[in-house]
Amino acid sequence: MYGIEYTTVLTFLISIILLNYILKSVTSAMDFIIYRFLLIIVVVSPFVKTQNYGINVPITGSMDTAYTNSSQQETFLTSTLCLYYPIEASTQIGDTEWKGTLSQLFLTKGWPTGSVYFKEYTDIASFSIDPQFYCDYNVVLVKYNSTLELDMSELADLILNEWLCNPMDIALYYYQQTNEANKWISMGQSCTIKVCPLNTQTLGIGCTTTNTATFEEVATNEKLVITDVVDGVNHKLDVTTNTCTIRNCRKLGPRENVAKLQVGGSEVLDITADPTTTPQTERMMQINWKKWWQVFYTVVDYINQIVQVMSKRSRSFNSAAFYYRI
């Protein structure tokens with residue numbers, strides 16, 4: 001009897017010892033695997049270029065971050081300035097060294113050599129299709145033209161504000177604008193926009209949905225169109241999609257690192273009629289028309305005052321970003 005009990009106890013002890021050994025072996029193996037895995041991650045991570053998404057961080061539209069205005073009581077040692085001008089300016093000046101001259105003049109106002117970039121554009125229409133703002137501060141010179149007032153106004157609305165945009169499939173869906181901040185923005189070589197408002201039965205109001213000739217034409221052969229229709233009403237659209245793209249956009253607020261200087265004209269164009277547009281005449285300024293050398297001299301003289309009403313930003317803006325966020 002005692003032999004059986006001793007055997008049982010001995011078997012139990014041996015089982016415990018064996019189990020403990022197995023657990024230690026497994027633990028050691030797991031530690032080896034984990035440490036080796038972590039070592040591989042540490043070694044490989046510098047060479048892997050992937051996006052860190054964080055933990056469910058919501059994206060609310062604009063990813064721009066406003067910095068404290070650096071123009072208050074210091075020189076612009078860490079800031080960049082882009083000056084956009086029409087090609088006619090360089091043509092009239094006719095001096096291959098004029099940019100270097102202006103850079104030296106900007107230096108006298110606290111802008112180090114190499115911090116000011118000169119960006120040339122052909123005309124308002126082409127600039128509207130592909131605006132690119134890569135500097136901390138961006139100043140756009142636009143010469144007034146009475147025949148281009150609409151283009152100038154829409155360009156100002158586009159570049160002086162941030163927009164959140166999504167693609168539109170006008171072949172499959174009807175669209176409506178929910179409020180005054182909601183606009184349809186079209187860009188392209190030639191944009192002709194026609195709309196047909198619909199009633200609750202999706203029948204055309206004053207138009208026939210199957211006949212685009214009966215649609216209301218709101219833009220003809222333009223390169224930039226910001227379309228505003230009656231809110232809360234579905235619309236069938238007809239757009240020259242082979243030469244134009246259209247996006248459903250929402251105005252988020254002012255883009256404060258961009259200013260527009262109108263050269264000439266009796267008064268600066270006003271885009272504040274839209275109730276969603278924060279009064280921004282501070283970033284829409286006017287210079288009386290003179291020779292282009294005189295215009296640039298004026299810009300140099302007042303550049304620090306101009307920058308005072310702007311805010312430095314950390315991200316660039318180009319036309320690709322426009323389609324989803326500007």
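Glycine is treated like the rest: Cβ placed from N, Cα and C.
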Pick from Cys135, Cys165, Cys191: which cysteine does Swiss-Prot list as forming a disulfide with Cys244?
Cys191
In Swiss-Prot, Cys207 is disulphide-linked to which residue out of Cys165, Cys196?
Cys196
Close recorded positions near Gly206 (Ca(2+) 1 binding site), where close means Cα within 10 Å, chosen from Asn145, Cys196, Val229, Cys244, Cys249:
Cys196
Using DSSP and three states only, what is Gly206 (Ca(2+) 1 binding site)?
coil
Spatial neighbour of Cys165 (disulfide bond) that is closest, considering only the binding-site residues Asp95, Thr214, Asp228, Val229, Asp231 and their CA atoms:
Asp228
Nearest by CA distance to Glu216 (Ca(2+) 1 binding site): which of the recorded positions is it, out of Cys135, Asn145, Asp228, Asp231, Asp301?
Asp228
Across all chains shown, how many C-beta atoms besides its own are within 10 angstroms of the C-beta of Cys244 (disulfide bond)?
22
